[in-house]
Structures are given as structure tokens and as C-alpha cells.
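Participant: This is the feature table in TrEMBL:
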- 1-13: compositional bias 'Polar residues' (COMPBIAS)
- 41-53: compositional bias 'Polar residues' (COMPBIAS)
- 78-87: compositional bias 'Pro residues' (COMPBIAS)
- 98-108: compositional bias 'Polar residues' (COMPBIAS)
- 1-122: region 'Disordered' (REGION)
- 147-173: transmembrane segment (TRANSMEM)
- 185-204: transmembrane segment (TRANSMEM)
- 287-310: transmembrane segment (TRANSMEM)
- 330-358: transmembrane segment (TRANSMEM)
- 370-389: transmembrane segment (TRANSMEM)
- 534-555: transmembrane segment (TRANSMEM)
- 561-580: transmembrane segment (TRANSMEM)
- 592-610: transmembrane segment (TRANSMEM)
- 647-667: transmembrane segment (TRANSMEM)
Amino acid sequence: MSNSDHNNSNRLAQSPPEPKPVPPSSWAKKTGFRPKFSGETIATDSGPETTPLPNVDLESGRVQTPATANGVAHGDKPPVPVPPPPAVAKNRRDSDGVSKNSVPSANGQAAEPPPPRRTARFVPVEDDGFVSRHSHMKYELRDSPGLVPIGVYGVQHYVSILGSLVLIPLVIVPAMGGTHEETSMVVSTVLFVSGVTTLLHIAFGSRLPLIQGPSFVYLAPALAIINSPDYELRLLMLGQDRMIHIFTYKIKYVLSDFRSTNYRESDSKKILIVVWMLKFKHIMKELQGAIIIGSAFQALLGYTGLMSLLVRLINPVVVAPTIAAVGLSFYSYGFPLVGTCIEIGAVQILVVIVFSLYLRKISVVGHRIFLIYAVPLGLAITWAFAFLLTETGAYSYKGCDINIPASDMVSEHCRKHFSRMRHCRVDTSQALLSSPWFRFPYPLQWGTPVFHWKMAVVMCVVSLISSVDSVGSYHASSLLVASRPPTPGVLSRGIGLEGLSSVLAGLWGTGTGSVTLTENVHTIAVTKMGSRRAVQLGACFLIVLSLVGKVGGFIASIPEVMVAGLLCFMWAMLTALGLSNLRYSEAGSSRNIIIVGLSLFFSLSIPAYFQQYGISPNSNLSVPSYFQPYIVASHGPFHSKYGGLNYLLNTLLSLHMVIAFLVAVILDNTVPGSKLERGVYVWSEAEVARREPAVANDYELPLRIGRIFGWVKWVGL
């Protein structure tokens, strides 16, 4: 053997083995979770170590492979594949500063490791190549680009989500018997409370850029309470010793017509007006009491740390059908109201669909305005179209006056067209003219809340469902804007503050709780704005806007058929957003398919049994057809000697979201399945979060408040 061969063999003998890849950190290792489903990655204590993906198609959210980027999809010859560069493992150091992966040099001394690379944020790719991380967000959680961009994006964020903020009061206030003026007041109150609670949540809750507002989760229970038989009003009439039973919907249309008349009223009609006003305030106070108790229960779940235990049972397979059932539950309300003026309602739906789907990729000054502002733009165009029809006399019939009640019309021709005049004309509301220029919403403006245990228990269950909704929103939004998902303590803190926010909503009298809106995640993904400073500035703008009474009056003037058309789109979006949580699990798994299918089917079928029980086909009900699903408390299958228990069971089991949640949570936590298959949510570990400055800056409370309450381990990092 020559000397050169001998030297080469010595060098080979002395060369160290190739460094092994860094194992997953403890928070990923314990769960066995793979990054392509959870949005996480193999990371060291200092952050994820990955390489950003090239050729990302921002329009479609997909990664362009070399084949598609070079035209292979069009029949071109595929390029010659280029082998990737060898992977370099990141060096990890012990506490003494010596690298574990240091390579000894030829003289036996440890060579200095290469300088640390700047870590890039991870963009996981699903099996279909879908981008699900925040590498291409314009502004992330702690970014502050300047006052003007923050102001523009903050207003944009709220305008794009405007439908979720203002449409619920336009449904529940008329259902309670409220006038247009009272609808205007409730809308202003909702805007005010939404701004205040959003500021509180971003500062002291989850600290994610999530808008708080009236959730559709509260809408069905509120309608069930509103239509409860307990709210038959009994009034002593003009000093006479007899009681008159007046049902709301028997006088609804008489009063709505009568409020717009200018002639002198009879005493009986004056009494009907008094009954109508008392009806609204009485039900609002009942709702306030139920919301306050249910919200206090939610705050208790959060601040005692119970939510960090319950969250182990809540995973994508549970969240998806539960939220989807909320949107599907209003199928009987949406299009039946659109059909009252089909030419306007259908146009409203079609315009929003065209904007959000067919024109979604059109950008103006770098903003996809048709996708972001689909709801407000669609409302403006449809409203202008309806105004033109009204002004051109399309709904004016000879000898017919919209101000005369249908019961007082002599002509059969006028009575026949009264419904079209009432629903299609846009000049019948006086809400804008009657609203003051300035009005400050104040607590207990409708009176002292009334507390009943059965309504309170219903709202406690609803608050639990809204917490399930928030868990999905926290996880999905954190993958978009934050360095890591929050810890279970941060999640509990956010749920606790949502409970306190809903208590404020109950005191102010919005008719619903104030929780995280599911539509937040879609808005963040579309606008690519994740800065919490932008949402905070937008919340301040919303508070100022709520003080202008004419704004509430303008929103209260939206015709009922247009509200129904927008709600059809919003509820469909809510259903899709709920089902989109399945992307964190193996959506093709037969286990998950069966669980989600059973949850959705029984969420529609079981409530239908309760809602139809005891109602004959020819029964003459005192409520409109679209409110019939919410009067189940008076005719449900439970008829024990305990009236309160009957009300509770009949009401809860008629709510679609309750059935979906019960079926999904039982099956998902009892049917065997791996954590990867179930898509178990991965939350950051508290120890890792405290060591990483990025995570601490994302979720720590401001003004060093977290240090004061550092002993409360279950609601912090």
C-alpha cells in the first residue's frame, strides 16, 4: 500500500459520521403530530427550521411545481429535474455552549460550526399542494407598518365583515316586536359593544387579531326564547276587570302598518301599541338575564382552567360539524323570506355570488375588492336596483295606499298586492329619519334584566358551543399570523375574556353574546392582514361610528328581503368555514367521514322530529312559517309534570348545533383513531413558549400584567 493510500484510509477512519437530523421538539414529539396537517414543523427551541417554498401562487393559494411552472400542464416537454441541495442539519448547543453536532477538524480540535442561519417561517403543504401558513401575509401579528396603512386595513377588515356584525339585530329585533327606531338603537349598541370587546380581547384575551361580535350561534336560541309561550302578554285594559290575551304575531302586521299612518288612532289600537312596546322590552330583559348567566358560566370555564381540560375533547372532527350545523339550521328562514319579493332577493344573492366567486381574482390597486367587499357592494347595488323599481312605480297599484293596513282595505285588488308593496318597496321605513344624530349606548338601557333558570341553562349550553367555535378560530388564525399556536393557558384566557365580553353585551342589551366571529379566519386569509394594531384601530373607528345615531338608522332601513338574501350567503359561508376545519385531519378517512356524516344528518333530523312533534298539517299557528321551528317548547315530546324541565329538553334538543356537538364529541372521543387521523389540535407547550421570545411577544399580556398574575398558570403562557 502506498503512502497516499494509507493517508486516505486514515482520513476516512477519522472522518465523523454524517450529522443526524434534529429530532422533533417535545411539544410535537409527545403528540406524534406531523406538520403537514397541523401547520407545525420540526422545530428547535429557538423556532422552526425550514426552507420557504418557492413559486407560491398567491391567487390560488397553491405552490407551483416545476412542472406546472414551466408549462407541462399544457403539453410541453417536462424539464430535466435538478437534484436538490443536500440538507444541512441545524446545530444544537448544550447549556455550556458546545455544539452537539460539531465536527472535529483534522488536528483533533472541534471546528466552529457554521454561523446560524436566519430561520424562515414554515409554509406546510397539504397533499394537494395547498398553502396553509402565513409566509405570504402582508402584515403579521406584531407588525406595525404605519398609521395610514393600519387605518386603511383596519377599516377594510371591519367593512368586509360588516354583514356578520349588523344582520343579527335586523332579525331578532323585529321578531321581538321592536320598531324600526328600536332596531336602530340595537344596531348602534352592537357596534359599540363589538368595538369595546374587541379591544379587550386583543389586549387581555388571546391577543390574536379577532373581531368580537354577535355570533350566529346565539341566534337560534334567542329565537327559541323569543317565541316561547311564556311570553303571552296579559294586560289589564283601561281599568276593566278582565284580561286580554294578545299574541305577538297576531298583531304584528297590523301594528307595523299602523305605525306608518298619520290618522288618529282608536283606543284599542293605542293599547295594541303599548302591548307591542312592552313585548319588546320584556323579551329583551329576559334575553339579557339569560345571556349574563350563560356568559358568566363561560368566563368560569376559562378563568378556572376547565377549558384547558375540555379542549382535549375538542378537535377538528368535532368543530367542523358543530359550526356547519349552525349555518344549516336556518334553511327554513333564508329563502322563504327571499321569496316574498323574489326579483329583489334573487338579485341580491346572485350579485354576491358573482362578486365572491367569478370576480374574486380581480384586483384594484392591489386589493381584491370584489372578494373582500362582496357583501357591502352587493347590498349597495341591490338596494339601488330596488330603489329604481320603487321610484318607477313597479310596486304602485292604482287606488292602493301602503300606509293603510290590509285589514282596512276595501278593494280586493289592494289586499292581493299588499304583501308585494310591503316587502318590495324601499320607502316604507322611517328609521333613518327618526334616528338622532348622536346617541350614546349605555348599560341597562332597556331596564333591569330578568333572570329565569331555564333560559339561563339554555344559554350556558350555547356558551359552551360558542367556545367550541372559538377554539377552531384560535387555532386557524394563529397558523396564519402567529409564530406558533397559543398555549392551553392562553386559550383558556381567551375563552374567559369572551365570557366577560358577553356579560357586557348582556348588560348593554344587544340580544346576543359577544364572541369571536368565525368569519375572522376567512377575512384574515383574504386580506392577508394579520396585524392586531390594525384591528384595534378599526375597533376604535367602530366605537366612534356607533355614537352616530344615523348610522344605526341607515342600517335598520335595509329592506327585510335584502337582509334575508345576505343571510343566505352568510349562513352558507359559515357552513363552509365550519367544514374547512377538516383540513387539519385526514378528511379522506372513513372514520372521520362517518362521524361528520352522522353528526350533520342527526343535527337536521332529530331537531326536525322535535319541531314537528304534535303539529298537525292543518294546524293554524300564530307565528310565520319561518319561525315555526322555534316554538317547539310549547308542543315538544317531553311532557312531564316539571314544566321547566320540559322546556329545557324540548328547546335544547331542537337546536341543530347541540345535536351535532353531542354526536361528534361522543364519537370522536370513543371511536379508535390515531392522533394524526383525528387531526388533534397541537397547542404550544408552556415551557417552550416561555423560552421562545417570539411566542412570548405574541401572547404575553401587555404592561407586565402577566407578571402580576404569573401564579395563575392555567390562564397564561
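Keep in mind that glycine also has a Cβ here, set from the backbone N, Cα and C atoms.
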Participant: Counting Cβ pairs closer than 8 Å, which of 185-204, 370-389, 534-555, 561-580 has the most of them with the transmembrane segment (330-358)?
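Facilitator: The stretch with the most close Cβ contacts to the transmembrane segment (330-358) is 561-580.
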Participant: Can you tell me which recorded stretch out of 185-204, 561-580, 592-610, 647-667 has the most Cβ pairs within less than 8 Å of the transmembrane segment (370-389)?
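Facilitator: Looking only at 185-204, 561-580, 592-610, 647-667, the most contacts with the transmembrane segment (370-389) come from 561-580.
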Participant: Can you tell me which recorded stretch out of 287-310, 534-555, 561-580, 647-667 has the most Cβ pairs within less than 8 Å of the transmembrane segment (185-204)?
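Facilitator: Ranked by Cβ pairs under 8 Å, first place goes to 534-555.
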